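Here is the structure we will look at, set down as structure tokens.
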Amino acid sequence: MKKIILVIALMFQGTFVNAASYFGTALCAYADYECIKVGPGQTWENLFPDEQQRDVVQRLNRSYNNLWAGKVIVVPRNLANKTLLDFAPFPLTINPDGEKQVVVDQDKLAWGAYDVEGKLVKWGPISSGRDKCPDSARSCRTMTGIFRFFSKENSNCRSNVYPIGRGGAKMPFCMYFHKGFALHGSPDIPGYRASHGCVRMFTRDAEWLNRSFVELSNESNKFTGTKVVIRPVLTKESQQQ
């Protein structure tokens, strides 16, 4: 299994130069994957009745948005007895520094959660800030660097800024790490960078992080809050052209 994971990890490192507009199709050229064209009336549910397998395929495609006829998605040729970590775009272990952390990689369009021992616990798709906002002249790039989560809210979290002039956009299970920048759930994870600057995630992932992983400042963590590392964008292919 370790050999398979290593091959996949190396493969992910080299896919971005020729990546297509949607993340998953960058894997089509590799023997372990096949790309299928969605037919009329096909959905995630009827294509992949097994919930665990469906979850894996959605994560590989970095999207759980509704499918449409003609859309191309990538599917592993062998899903039997595979787990989510078998397809992780992150190392399964890192050098532990005595605290858990969340890593957000904007080129891989993915987040990973590492425990205090440096073991990858879970990973999932993201959609971070696009280069230019469609509704203003400014950049929408996500703030990069090393931060600490300082505030989080439940499923009722909403934006005070977007839509511009009104606010109120839903940001379920938001976790703020720098001013108004947050990780939060969203029903729209399209497979490329598309947000106004926050880090969108599958809502089920945001709920898990919010309730089971991310800690705010308290005595047990020396009043520092869980660390989050936001890696910078190094390629252009993670945003739809």
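Placed from the backbone N, Cα and C atoms, the Cβ positions cover glycine too.
What TrEMBL says about this one:
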- 1-19: signal peptide (SIGNAL)
- 100-231: domain 'L,D-TPase catalytic' (DOMAIN)
- H184: active site, proton donor/acceptor (ACT_SITE)
- C198: active site, nucleophile (ACT_SITE)
Give me the Cα-Cα distance between the residue listed as 'active site, proton donor/acceptor' and C198 (active site, nucleophile), rounded to a whole Å. 8
Chain-internal residues near the residue listed as 'active site, nucleophile', provided their CB is under 8 angstroms and they sit 6+ positions away: S128, G129, T142, M171, C174, G180, F181, A182, L183, H184
Please average pLDDT over the domain 'L,D-TPase catalytic' (100-231) for the predicted structure. 94
Under a three-state reading of DSSP, tell me whether H184 (active site, proton donor/acceptor) is helix, strand or coil. strand
Tally every other Cβ atom lying within 10 Å of the Cβ atom of H184 (active site, proton donor/acceptor). 26
